[in-house]
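Feature list (source: TrEMBL):
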DOMAIN    A:4-126  domain 'RNase III'
BINDING   A:E39, A:D112, A:E115  Mg(2+) binding site
ACT_SITE  A:D43  active site
ACT_SITE  A:E115  active site
DOMAIN    A:153-223  domain 'DRBM'
Protein chains: 2
Amino acid sequence: MLSLSVLQERIGYRFQDEKLLRRAVTHRSYAAEHNERLEFLGDSVLNCVIGYALFLRDTHFSEGDLSRVRANLVCEKTLHEVAKRIDISSFLYMGEGELKTGGAERASILADAMEAIFGAVFREAGFEAAQAVILRVYEPILSNLTPETFSKDPKTRLQELLQGAHLPRPEYTILHTMGAAHERSFECECRIEPLGIATSGRATNRRAAEQNAALLALEAVQAKIVHK
Amino acid sequence: MLSLSVLQERIGYRFQDEKLLRRAVTHRSYAAEHNERLEFLGDSVLNCVIGYALFLRDTHFSEGDLSRVRANLVCEKTLHEVAKRIDISSFLYMGEGELKTGGAERASILADAMEAIFGAVFREAGFEAAQAVILRVYEPILSNLTPETFSKDPKTRLQELLQGAHLPRPEYTILHTMGAAHERSFECECRIEPLGIATSGRATNRRAAEQNAALLALEAVQAKIVHK
């Protein structure tokens, strides 16, 4: 088990009361003084900090875009990714039973501890200190957000566009499946009969191939509708 | 329509940029510069502020208690109550159509504007300024929280207790309905046959009468189980 001072270096915040940090990395299987209340607190600070970061990022994102992207950034999967990057599992206190069954690698336990750490910083030093820690550990994720992250996927956008124009849904069909099992490639067609549009997309899985075809179809539909 | 300076007095915060407040009270039916993004921001600040207030209140509340009570305090119904108390509807900008169909009294529109105001304060002056405004307008609600607010209701607790002891659910029946329509009083019985327990509760509505009966039954069951 690594010392808590290493953890403090990684998150960029030094606790006055190290017991608070210790509590944040204590799972309920280890002691009555566990991290669940701090996790509750951290979850709400995280939501607020990430929400604000997205809000500031671009004034064109609608409330729906903001909510969708935030949900992706604060979900267990993303928190787990953040927690792994600073190797939270090396600092966790947990009961024997939990350890034996692989608790120290369980996504939910690592994500919860990550949130509890945010909560502990907020508890000791206030919102801005917690904000600094969160933006630091989330930096690799926030800096990789692309405009596409904020948009609905092409299939959804295409369907909504067609619906708005009272046109039927597009039809997707697999044209070809190529290659051996471990290097399979799919070619899908997206067809919108009433507009005489048919596009095709290729990818290593069917869903992605459909999305690629939908993206091309979306552009074709937009061109038709604008030039009508 | 009342002046925005009245609204600023009521919330206890004076904006440097009054346009930000104006935007917070502008419904999307009125202008492209509407309050939806500020509402997104305000919602997350509200969650954090109320969560922290509950966290500090008593160290014995579990994460589950905190989540449940917070959900009650930040829901549309409670926000609407807060919004009515400072008469948000007198400050709203909305389109003609929305106004004619009663939009200025719609709970969701008032609750959203309330959140947008919290978001606007946070945007201009940071977390602690928003916290001060939220705690001020929520004061009547926070000061009326009782220990019971943090517990599940008696019917739920009774059912969980019986389930845990592999006993059947209690049966509720109305014993009497008394008084004229406008001053009706109900007497309900809660019966747990296998334990020979039957209690009765009275209240001005059926649900409350059942809860009162369940509370007495809960005590009776706990006494039996302990003394077995």
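Keep in mind that glycine also has a Cβ here, set from the backbone N, Cα and C atoms.
For the Mg(2+) site, the Cβ centre of A:E39, A:D112, A:E115 serves as reference, and the other residues of the chain with Cβ at most 8 Å from it are A:N35, A:E36, A:L38, A:F40, A:G42, A:D43, A:A111, A:A113, A:M114, A:A116, A:G119. Cβ neighbour counts within 10 Å, taken over all protein chains shown, single out A:E115 as the most crowded of the recorded positions A:E39, A:D43, A:E115. Calculated from their C-alpha atoms, the gap between A:E115 (Mg(2+) binding site) and A:D43 (active site) amounts to 6 Å. Secondary structure at A:E115 (Mg(2+) binding site), as computed by DSSP, is helix.
The Cβ of A:D112 (Mg(2+) binding site) has 28 neighbouring Cβ atoms from other residues within 10 Å, across all protein chains displayed. Across the domain 'DRBM' (A:153-223), DSSP assigns 35 helix, 23 strand, 13 coil.
Across the range of the domain 'RNase III' (A:4-126), the DSSP-based residue counts are 90 helix, 2 strand, 31 coil. Here A:D43 (active site) is positioned 9 angstrom away from A:D112 (Mg(2+) binding site), judged by their C-alpha atoms. Using a Cβ-Cβ cut-off of under 8 Å to chain B, the binding-site residues A:E39, A:D112, A:E115 reduce to A:E39.
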